[in-house]
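Pulled from TrEMBL, these are the features on record:
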| type | residues | note |
| --- | --- | --- |
| ACT_SITE | B:E421 | active site, proton acceptor |
| BINDING | B:T138, B:G177 | FAD binding site |
| DOMAIN | B:16-132 | domain 'Acyl-coenzyme A oxidase N-terminal' |
| DOMAIN | B:274-436 | domain 'Acyl-CoA oxidase C-alpha1' |
| DOMAIN | B:474-651 | domain 'Acyl-CoA oxidase C-terminal' |
2 protein chains.
Amino acid sequence: SVNPDLASERQTASFSVERLTALLDGGAEQTRIRRAVVEAIESDPVFSRENQYFQTQNERYEAAVRKAVHLQKKMHEMGWTENGPEYKYIYRALSGDVAFLLHRVFMRSISVLGSDKQIAKWIPLATQHKLIGSYAQTELGHGTYLQGLETTAVFDTATQEFILNTPKISAMKWWPGDMGRSATHTVVFAQLYIHEKCYGIHPFIVQIRSLQDHSLCPGITAGDIGPKMNFEHIDNGYLLLKNVRIPRENMLSKFCEVRPDGTYVRQGSQKINYFTMTTVRISLISDEVLTPLMKACTIAIRYSVVRRQSKLKPGEQEAKILDYQTQQEKLLPQLAAAYAFYFTNDYLQELFNRGYREIQRKNFDMLPELHALSSGFKAVITQHCTAGVEICLRACGGHGYSLLSGLPSLYTKILASCIYEGENTILLLQTARFLIKCFMAASAGQPVPPSVTYLAAVKHGKCPAKNKLDFLSPDIYIEAYQHVAVRLTSNTAAKLQDLIQSGVKKHDAWNQCTVQLVQAAKAHCHYIAVKNFAETVEKLETKAGIQKIMKHLCDLFALHGIFSNTGAFLHDGYTSAAQMDMVTASYLDLLAVIRKDAVPLVDAFDFTDKSLNSALGSYDGHVYQRLYEWAQRSPTNQMSPAYERYLKPLLHNTLSKL
Amino acid sequence: SVNPDLASERQTASFSVERLTALLDGGAEQTRIRRAVVEAIESDPVFSRENQYFQTQNERYEAAVRKAVHLQKKMHEMGWTENGPEYKYIYRALSGDVAFLLHRVFMRSISVLGSDKQIAKWIPLATQHKLIGSYAQTELGHGTYLQGLETTAVFDTATQEFILNTPKISAMKWWPGDMGRSATHTVVFAQLYIHEKCYGIHPFIVQIRSLQDHSLCPGITAGDIGPKMNFEHIDNGYLLLKNVRIPRENMLSKFCEVRPDGTYVRQGSQKINYFTMTTVRISLISDEVLTPLMKACTIAIRYSVVRRQSKLKPGEQEAKILDYQTQQEKLLPQLAAAYAFYFTNDYLQELFNRGYREIQRKNFDMLPELHALSSGFKAVITQHCTAGVEICLRACGGHGYSLLSGLPSLYTKILASCIYEGENTILLLQTARFLIKCFMAASAGQPVPPSVTYLAAVKHGKCPAKNKLDFLSPDIYIEAYQHVAVRLTSNTAAKLQDLIQSGVKKHDAWNQCTVQLVQAAKAHCHYIAVKNFAETVEKLETKAGIQKIMKHLCDLFALHGIFSNTGAFLHDGYTSAAQMDMVTASYLDLLAVIRKDAVPLVDAFDFTDKSLNSALGSYDGHVYQRLYEWAQRSPTNQMSPAYERYLKPLLHNTLSKL
């Protein structure tokens, strides 16, 4: 039976939930396949996550390894292959709670960076799990700045080997997943030295553990880096290399080769490497960033119609907390953002596919734009979604703070996405560099990539809105976002030029503009997200109420962005104070409109209770029972030695000297 | 030896660190006492927190109980008493990692709500630890809305007892600290029924566990609510009551009494109760909110001068990350906020002391203002400091994400302060209610409390600043903050009246204004914080460079607030776009100025390495060694059964069916 407070929310849905789910999945057939994968995974007790919140880091690691091994069996059993349509749903169905994710990165790096011969040797070994791979790039002292890596690989012509070393503590590899306890092999990034000349960073395949008994290989010191804010299931590791010798053939040599005599040969284009980073940044958005926000919205919104607290009207029953404007203002913009970025992700995927086709034709023209967009959106989406999950958590009050709500672990996990695969500030500055370059080019009448042509058309007009309803017109708000993005980019470009003209050195000038450059990059991404959402809505079918509710969400996303950042829009008078009051009025009106469909809108995400793993977010809404039953199973309800040891002597006054 | 990158920062301090520390402590003598307490606690291995990040919830609980019991012994040994000057430093020295905190709340509630007879009976028992107390107010279904509590206490005239019951699951007590496993007694808040008439919420002393063997008393079901985002050391508990009978004397009866015949008598003023909540809200700011932010700043700023990454200038060594403007922009405003709110806390303490003196003279006039300020500042400071700790964490990149940095646990703990002792949104709306009331009164020419007299003086002028240096004048920015606070309050009051006049019911109108009411309440508190910081700086001694650096921090706090919220200042044209550009310029200039003193400014907080418990924040700055050594001690570096069970069969291809 469903909690009546939740059931009533579903009865009044203005649209077909099933159709919206299919839309998000990319068709009803995809929905069917996804559900079949979820069903197969969730009905298998080995994949259960129900004790997750009670487990230690060691227990989590062990379970993740067990799951990874069992998954091989499961895939075989179910006939799922890496190229099949089910594959992309497996990770989501497991909620990422599985080991050996770096094994895939190990394989990909060999496929991308290795010669045909290397691919032929290593990929079958990896596929058959005759080894477990990792990827050792980051060092204790070096993250974002790859050129600064300190690990060395010295070529010894006498033995035809590379000698790998960790020259100092800051050069220790640190963070690589699967490396702390599992991996037998890893790809080590090191400074290549031949005849005492440094050739920069190159990748080397290094065996770190015995294939017989898993003991560490000679010269290898490795282990686990210890507790983290989340990712307890992953054995992020450290690695120290001391005169570790590997054969010449172990340097991945698609692009660079060291000949037996020590001759260094560079071959082919490395541009494809940048494309790899782009791939990773785009691919993480869906599973690691959007899914957690969608789950958090589901949990918090369902809870907010079941939780009743205080009275809205004297004499009435206590009100559902979602009926309070402040609660709507916390949660509904997060819901709108989840949809907005879902569609942004589609946009990026499409752009990426187009880029990939071009690259296969040896046309690398799209790379700078792709790099700028994938960097900027990785930063903006991870930042926005992380903040969104935190808002959802807080909006559930005390119960949100219990691990059993599922929200704390969603938060502590998504937070990492702001840091890994490029720290967000660094990424935004890369986007900003692209923007400034394009702005300069556009100003000089040169052609620029499609996503930034708008920079050429600086208009000094005013927002034409006359009443609050005008702000529900996408043309009006898209134009406003565009105006802000242009203004921030052009103003910062001007500041940069002024500084340089006044004698400040170029790099100092850049540093003095970085706070504003970050703002410009964010504004650019925000503008594109709003524009893309509006364009997506326009193309939707009008049937089954889908387009109408998506239009409301698009408006909310756009107006929330203006409402939360009024200064950017007011600054040069493009938007007047009176217009800003209209934005506020329309924004607050929209909250009340979308509130009515809030539960159906999260239902459409189609998460099962097992995938939410939350006492607050279940489909049936029986929150209190679930919290109580779950808490009783906690190890903290087992007998503690604290009573006999400390409490009894205290209460019985038998503590010595007291 | 100190890391030279850190040592160089200390050599150029523009002020005396020791003098600033004494200023923060309230005098050199206080500093001496505090250090003695810290030294005594930290040199005692029982109080060690060095394994904290490796421990399970059960281990944390046990250690906290052990510490609480040992503390009794320690205090006796050291001659510390509850009224001595050392007492207030003990909790900080323990970093709050100790059990029985609710025992003190139990005692305080008896002292405040109990009759003289009850105090005489229970307080000595509690003081001598012949019982362990807790405080059971919150229920599964009821937090902020006390009148909604559902636990019942029915008076039985025949036996002269109250019969306590949990009528349904939402009425179960949930969250009380020390109740899950430790407490023998608790104060239960329940709806009092006499002859079937309900008299509302009253407090009752209930024994829940045997004093002999600690087993649960008849009719009691109790246990631990399980894992939380932090507070693993506290046994937050649940409690179900089934026909639990307690004597008539166990209802705390300073203000209300039930006579033997069932007559209900109300006596004295309950106003003091509100004062108790005020006390708690103010008292938590220092230890639970400011200290974590100060620690986070210390960790992140020290790390940021030791961490070098990428190059600022081509050809040079990699730069300290604190030299990047974006890193300054993340951390230095948090540092300024820590100082700002430190002085706000002094202001609130002073106000509170004054209020207390008045109340002792039976003058309750200050209560509404005190309630409004303590509520608003509790919300604003917890919100601001929580966000600040998160920024510090993220600013340390991957290493910040390791539990060993100390930052994750600071964050997960401070986050709770946004929820407990009044959920922040609810509190801000209470402040807003006071503001609207006072604004109406002021507009009608009636007298209002001192902190809101400014609401009467609505000025429609413009900001007089002519260049960026003008924005370093407190008069200029205080006036701007005041203007915004008045505008937001008066506009929202007007909207409220308009709605009501247009026929919207009063409670609906209020709900429709709550998003803006929250903004007004925040603006009010922000204004007072800025004003108070500036006034504090003005009174400081000019010697030893203290006043100068504090002035910079005050300016930064004020300008960061404007820079982050430009819309509020631009909205009605009080500040022009040109002036906003001056604010931005001055703000960015200040970052570079304060950056030079960043390390001395956190050194002045005077945290020991043990109290920071951080691999990144140590006084000597040897970050990488500490991370490495610490990680090696992690339980995740012990032998795992995962190899024999799963990895070996996988690698040796002996998994069945594969």
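Using the three backbone atoms N, Cα and C, a Cβ is placed for every residue, glycine included.
Mapped onto this structure are the features recorded in TrEMBL.
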{"residue": "B:T138", "record": "FAD binding site", "Cβ contacts under 8 Å, 6 or more apart": "B:K173, B:W174, B:W175, B:P176"}
{"residue": "B:G177", "record": "FAD binding site", "Cβ contacts under 8 Å, 6 or more apart": "B:L101, B:L102, B:S134, B:Y135, B:F231, B:I234, B:D235, B:N236, B:G237"}
{"residue": "B:E421", "record": "active site, proton acceptor", "Cβ contacts under 8 Å, 6 or more apart": "B:M277, B:V280, B:R281, B:L284, B:K378"}
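Among the recorded positions B:T138, B:G177, B:E421, the ones whose Cβ sits under 8 Å from a Cβ of chain A are, in sequence order, B:T138. The average per-residue pLDDT of the prediction over the domain 'Acyl-CoA oxidase C-alpha1' (B:274-436) is 96, rounded to a whole number. For the domain 'Acyl-coenzyme A oxidase N-terminal' (B:16-132), the DSSP counts in helix, strand and coil order read 84 helix, 0 strand, 33 coil.
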